[in-house]
């Protein structure tokens, strides 16, 4: 009987260690840092068309430490299951001028970014679906700030401005 109790106690101890580890992974991935695979043409030449793995942190947007030039992960306003990778161009209160068609600069508009919103755009204006199409993005849709690229190995490092 003692042998079974000893085995049961050891099994519970190990299961508890696994549960603690999984909780740690969840908290780290959701609230601190997470790797994210990003692909597509909208952030060319900053990010590769075939895909990069970037490390994103999830604290800056919660404490208001984002600004123009930061590359962010944003939940799509049209499809909540999709995550977009874009650059912040303007913050709340900033005036932004934009053109829906970058080949025709004479058809530009301007607006002031409303309170609680940011203006995001892809670096490749010709192939990006961004705030020029869906307007300012609520701050609450920002999931994280991209810190650096971690894959492919020959491109590891900061994304730059």
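Backbone N, Cα and C define each Cβ position, glycine as well.
Where the annotation comes from TrEMBL, it is an automatic prediction and has not been curated.
Owing to the predicted nature of the structure, the values given are computational and were not obtained by experimental measurement.
Annotation source TrEMBL lists active site at 42, 86. Per TrEMBL, the feature domain 'Peptidase S26' maps to 17-99, 108-151.
Across the domain 'Peptidase S26' (17-99), DSSP assigns 19 helix, 30 strand, 34 coil.
Residue 42 (active site) sits 8 Å from residue 86 (active site), taking the Cα positions as reference.
Residue counts for the domain 'Peptidase S26' (108-151) under DSSP, helix first, then strand, then coil, are 10 helix, 22 strand, 12 coil. Residues 33-36, 40-47, 52-58, 60-61, 66, 70-75, 77-78, 83-100, 102, 157-159 of the same chain, all 6+ positions outside the domain 'Peptidase S26' (108-151), place their C-beta atoms under 8 angstroms from a C-beta of that stretch.
Note on the domain 'Peptidase S26' (108-151): its mean pLDDT in the predicted model is 88.
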